[in-house]
Amino acid sequence: MAKEFKVPPVAFPQAGNPTAGGPNIQQRRMAAPPFQPNSGIPFMSFDIGSAAASTSSGPIYSGPGTVGGSANFDDEEPLLEELGIHPEQIWSKIRSVLNPFRVNHTIHKDSDLSGPILLYMSFCLFQLLAGKIQFGVILGWIVVSSIFLYVVFNMLAGRAGNLDLHTCTSVVGYCMLPVVIYSAMSLFLPQGGIVAIVAASVFVLWATRASTGLIVLLADGGDEHRGLIAYACFLIYTLFSLLVVF
């Protein structure tokens, strides 16, 4: 005869009854509260919604050039002028060198290096097109020639000389225009021929005439030494023309 045992019923927690499973199940189902920053710290108390609304309503920075919350760039200077580059002034100085017999020295009183750098880079580019990589050589000769002409003039003028190195470099650079033109023409001329040498002589005399006139008119004490100054300028531009010829 089988013996019967009485088994107590097992009660399982139901999905809709959170208290049926006892205190442990209720503790597991209770979600942990999100982290709340301490309101006592100034930089931790913020509202994301209000910050987004404030940034979308207008610009954050409202400087002196703003009108009605929007930036006004009409009164701002062009970028080239802020960098000290004046294209109209550079073009006027280049045009003044085109006529070596009537060089306008008044526009060269405000010396700059933007135009000379442009002409130097053009000269290097034409030499590169001719198969001559001479960037370092040209840059070194430019520095040496400017210092050479500056020292020669001030030694000749003595105490009356007022030619500074910046003006001297600007004049030497702008008067490189004939040599740059000759460098561009040499791409279509026979290399090392009589025609190239004659053309080089013409352009060297052109550059010498223009640079001598500018230096004598811009600085004091150069009228009585015009011949020696012209000889120094002739040596400088002859040196650059030899880079093109050979």
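Here, residue 1 is simply the first one shown, and the rest follow in order.
Cβ atoms are placed via backbone N, Cα and C, with glycine included.
Per TrEMBL, domain 'Yip1' is recorded for 96-243.
Residues or ranges marked as region 'Disordered' in TrEMBL: 1-30.
The list of residues near the transmembrane segment (136-156) in space but at least 6 beyond its ends in sequence, with Cβ under 8 angstroms from a Cβ of it, reads 116, 120, 123-124, 127, 163-165, 168-169, 172-173, 215, 219, 221-222, 225, 228-229, 232-233, 236, 239-240, 243. Per TrEMBL, the feature transmembrane segment maps to 136-156 (among others).
Cβ atoms under 8 Å from those of the transmembrane segment (168-188) belong to residues 93-94, 97-98, 108, 111-113, 115-117, 119-120, 122-123, 126-127, 129-130, 142, 145-146, 149-150, 153, 196, 199-200, 203-204, 206-207, 210-211, 214-215, 218, 233, 236-237, 240-241, 244-245 of the same chain, restricted to positions at least 6 beyond its ends. Per TrEMBL, the feature transmembrane segment maps to 168-188 (among others).
Away from its own ends, the transmembrane segment (194-219) comes close to residues 97, 100-101, 103, 105, 108-109, 149, 153, 157, 161-163, 167-168, 171-172, 174-179, 181-182, 185-186, 226, 229-230, 233-234, 236-238, 241, 244-245 of its chain (Cβ-Cβ under 8 Å, at least six residues beyond either end). For 194-219 (among others), the entry in TrEMBL reads transmembrane segment.
The transmembrane segment annotation in TrEMBL covers 228-245 (among others).
When the domain 'Yip1' (96-243) is classified with DSSP, helix, strand and coil residues number 113 helix, 0 strand, 35 coil.
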